[in-house]
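Q: Annotated compositional bias 'Basic and acidic residues' per TrEMBL: 63-74, 137-150, 238-248, in sequence order. Residues annotated as region 'Disordered' in TrEMBL: 42-74, 137-175, 207-256, 304-329, 428-449.
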Amino acid sequence: RHRCCHKPTKIYDDSLQPCHKTEYLEKYPGYGNVCPPESCKPKPQFPQDQGRMDGISTFKSDYLPHDVKTPLRTQAEYRPKSGKIDLGTVYQRDYNPHKVGPVTLARPRERKHTSGAKVDTIPTYRDHYKLLKGQRTESCKVERPYEPPSERFGNPSTFQDDYIPRQPNPPQSFKPCDAMPPEGPFDGNTIHRTAYVVHELQPTFVRPKEEYKPSDQPFEDLTTHQRDFKGTPGEQAKSCKPESRKLGSDPFKGTTEFQDRYQPYLVTTPEFHKPREYVPPTDKMDLNSSNRLDYILHKAAPRAPIRPAPGRKTTGPFQGKTTTKEDFQPWSACPRGIIKKEPQIQKPTGRFSGLTTFRSHYIPHQADPPRSFKPAHAVGTAVPFKDETLYRTEYTPKKQEVCPGIHPDALGYVYVNTDSQGHKFYRQVSPERSGSSCNAIPKEVAGVS
């Protein structure tokens, strides 16, 4: 039966249990009572209390401090060298000065065709443009003198038509009748004042401040670096600067190639166009506009404001008494005392011992060394290692089969049906396509697309 390399999808039936068996479990035979080797991994057990940890490692117990003495490195005194510095370079030494002629220009010289004659021609704009005298347009406005109206403005507003003056009615007073205050003094005793028992407070415990006692030993301000590092004397580093060599000739004194080849040319200055001189007009400017000339000023009186009829004003005294003023009277009240509950837990009077439960019940135990899992007898290096297994000796390589669900038409398979686990079964069309050396292929082959 063909085993597909794809995983089952289970999209048709969820009730069936999935098959977790592989080809290795079905075809691999067992060999006698051969058990797998035991694992050397320790079992996960909870370690028992093996006593208090010493805190000393193997390095601390075996390490012996040694006094390391490093030689102190003294810096050599700088002494400037005597003599003059030679500033000659390789270019000054290897450069050979030679005469260079002027460079011939490949571009011809620029020629300007200029003449000093004056242009007397008239442009096209001046020839065709003719100044026309325009006439002033007359105003189409009909001149009518303003006549103010002799009658009063008779268009009342909506407020004046709909407003009806009414007499204001005073609101009804909800002031209660004259109430008589209670006779006798005010009784301000409460249940808390009568039932509260005053208790004496105990003085709080104040821990005395310890006095500072300076140490009698001298302060060790010497660090490990200052104690161990003393410096090692060494030679002064050699300079990588090359030796200076003095040259006889100075190539920078003299003419350059640009000075030899450059030839000055005569250049004429360009002619600039001179603008015409501004001549201010001699006539006076007329600043009158059409509005200033045609406007006629009229004397009109401002219109009267539209106001409602004045209401009636009350001449009686103002009633400023309210319910709060009549009923509220200041009372002489004393401040209340502090409402404090009785403490349920009494405060300790003695000194704090500072001993915890862990310190009082802890019993130190001696630690046992861990058990070594190293095998007792190891195999010698002289004996050759037998690395042959049953899988290496009895393994027969098999030909890899192509799944028909990937390309069924190219491999010569036809789709038959699909089972509940999602496997698609295919049937081979021409059985002669399989070789004689391969295994016999059944009629129906399973695959997953």
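A Cβ is built for glycine as well, from the same backbone N, Cα and C atoms used for every other residue.
Any TrEMBL annotation is an automated prediction that lacks curation.
How buried are these features, and what lies next to them?
A: Broken down by DSSP into helix, strand and coil, the compositional bias 'Basic and acidic residues' (63-74) contains 0 helix, 0 strand, 12 coil.
Below 8 angstroms of C-beta separation, residues 290, 294, 296, 298, 300-301 of the same chain, each at least six residues beyond the ends of the compositional bias 'Basic and acidic residues' (137-150), sit close to that stretch.
DSSP assignment over the region 'Disordered' (137-175) gives 5 helix, 0 strand, 34 coil.
Residues of the same chain lying 6 or more positions beyond the ends of the region 'Disordered' (304-329) and with a Cβ under 8 Å from any Cβ of it are 157, 159-160, 163, 165, 167-168, 174-176, 179, 181.
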Q: Go ahead and report the DSSP secondary structure tallies for the region 'Disordered' (207-256): helix first, then strand, then coil.
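A: Summed over the region 'Disordered' (207-256), the classes give 5 helix, 0 strand, 45 coil.
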Q: Using DSSP, how many residues in the region 'Disordered' (304-329) fall into helix, strand and coil?
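A: Within the region 'Disordered' (304-329) the tally stands at 5 helix, 0 strand, 21 coil.
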